[in-house]
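For reference, the structure I am asking about is given below.
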Amino acid sequence: MSQGGEAAARRTANPQDQGWAWMVLLAALLLQGLTLGFPCCIGIFFTDLQHDFQASNSETSWFPSIMVAVLHAGGPLCSILVEQFGCRFAVMLGGLLSSVGMVSSSFCKSITQLYLTAGFITGLGLCFSFQAGVTTLGYYFVRWRSLANAMASTGVSLGFTLWPLLSQYLLDEMGWRNTFLIFGGILLNCCVCGAIMRPVQLASGSLEQLPKPGQESETRAEEAQLSNGATSPHPELQQPSRRTAGFQVLQKYLAFDIFCENKRYQIYTIGVTWMMMGFGLPHVYLVPYAIQNGVEEHRAALLISIIGFINIFIRPLTGLLSGHRVFTGRRTYLFCLAVLLCGLSNLICVISAEFSVLITYCIILSVAMSGIGALVFQVLMDVVEMDRFSSALGLFTVLESITLLIGPPVTGFLVDITSNFHYVFYNSSFFLISAALFMGLSFCALDKKNRLKEDAKVPSGNPSRYHYSDMPVEPQPDSQSPPAVVHITSI
């Protein structure tokens, strides 16, 4: 065979970083805009939903809270789905679920029905489509994986920019019920993106969904244990095997052992979980707050688009800046600074609700949000070992989804009993600033303690298999093999 023919054969056998991979990147970018960008527009319908269903601020805010919480908490379930059926199936199933959820929402007769349709069903569909799409991207890119992820993340900012403008236009022309019906059709395009993400056919002939040799051996060992327990003449011997298998599954997706032993992961998880109580409040209440203070509906919707538009440019720059070697080992403090700035920026809305002041607020908030979004998972990679990153991320996203769920309704209850929207921004500032101070001071104290130990040269024994260091973990370069199934959310 000629050299040209051999090169063509290699390209056909290994499509990574070339050819169809760039179509998959485009599909992943659109997916992130359709899924992660979608919840930002819900605040535009807040006033209309309140009026039609005669619901309070707290009752209405449960709808977007459930959607965002399920979007984050569904990560472990998505991982199981991907392992069983593959990424393409999960993306297309997610598109179908999100579409069915929004179409059903257009026929809802009560706000509680909206919790199930638009909240749970649509949120779960968005979770499946987004996280399976990110996993597929990791299989198609090896050399250019970092660049591909950075480019795909711009889809979130594009969604933040375009969804509010489209929502306000459709709401004015057709009302919220017909708008939700059209949204169902738009979200069905996630299935088109999933169809593009065909399984990777590697040179060895293996598909991306097949387990790695290590995973296969572990599975066989578990099956052998279960089969031995099942054929044992002593029924009491079955229970330990089942408990062991259940514990291994739990540890794979929810790493409680890391949380108990790794102090940095413990601090970071607690801090981000607390932060999420206030992080999503402006997205839900900024538009109603502006409208209540005399800002026209079109201009109020524009505020969310401004946040998304600035994110398009600031988030990649923040990612590049944080990757500089100057910030190696210091990204935790850079993240805390971004959270602190985000909390302080909310106090601007308390000063005045004039449109010019709100634009200034959106600019500062967008810069701070870009820092949080670019660093939140990078810091997590710095504080845990990469071979346990997937399970550490599972517990991380489940815990933060709890506070994302209860934050807006609790704040809405305060607004209901006080009739003062300022409590939205007071609450947001309190949770963000306190989380930033907790993480910053805790990391500082832990680093100081570690430096004292190093200076004293205290000898340490051999670490056990599941011993986790309190020192920052240096980020590892991309592996040449396809990644394990990782469920990732973006902020």
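Cβ atoms here come from the backbone N, Cα and C positions, even for glycine.
So TrEMBL has the following annotated:
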type	residues	note
DOMAIN	21-452	domain 'Major facilitator superfamily (MFS) profile'
REGION	208-240	region 'Disordered'
REGION	455-484	region 'Disordered'
TRANSMEM	20-46	transmembrane segment
TRANSMEM	62-82	transmembrane segment
TRANSMEM	89-107	transmembrane segment
TRANSMEM	113-140	transmembrane segment
TRANSMEM	147-166	transmembrane segment
TRANSMEM	178-197	transmembrane segment
TRANSMEM	267-288	transmembrane segment
TRANSMEM	300-321	transmembrane segment
TRANSMEM	333-352	transmembrane segment
TRANSMEM	358-380	transmembrane segment
TRANSMEM	392-411	transmembrane segment
TRANSMEM	423-446	transmembrane segment
Same chain, outside the transmembrane segment (358-380) by at least 6, Cβ under 8 Å from its Cβ: which residues?
153, 156, 265, 268, 272, 279, 282, 286, 290, 295, 303, 306-308, 310-311, 314-319, 322, 331-332, 334-335, 337-339, 341-342, 345-346, 348-349, 389, 392-393, 396, 475, 488, 490-491
Hey, does the transmembrane segment (333-352) touch the transmembrane segment (89-107), meaning at least 3 C-beta pairs closer than 8 angstroms, sequence gap 6 or more?
no
Considering pairs 6 or more residues apart, do the transmembrane segment (423-446) and the transmembrane segment (300-321) have at least three CB pairs under 8 Å?
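No, these stretches are not in contact.
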Pairs of Cβ atoms less than 8 Å apart decide it: which stretch in 20-46, 62-82, 113-140, 147-166, 300-321 has the most with the transmembrane segment (267-288)?
20-46
Cβ under 8 Å to the transmembrane segment (20-46), counting only same-chain residues 6 or more beyond its ends: which ones?
60-61, 63-64, 67-68, 71, 91, 94, 98, 126-127, 129-130, 133-134, 136-137, 140-141, 148, 151-160, 162-164, 166-168, 171, 176, 179, 183, 186-187, 189-190, 192-194, 196-198, 283-288, 297, 300-301, 304, 308, 489-490
Looking only at the recorded stretches 62-82, 113-140, 147-166, 392-411, which one has the largest tally of CB-CB distances under 8 Å to the transmembrane segment (178-197)?
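By the under-8 Å Cβ criterion, the transmembrane segment (178-197) pairs most with 113-140.
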Take the domain 'Major facilitator superfamily (MFS) profile' (21-452) and average the pLDDT across it for me.
82
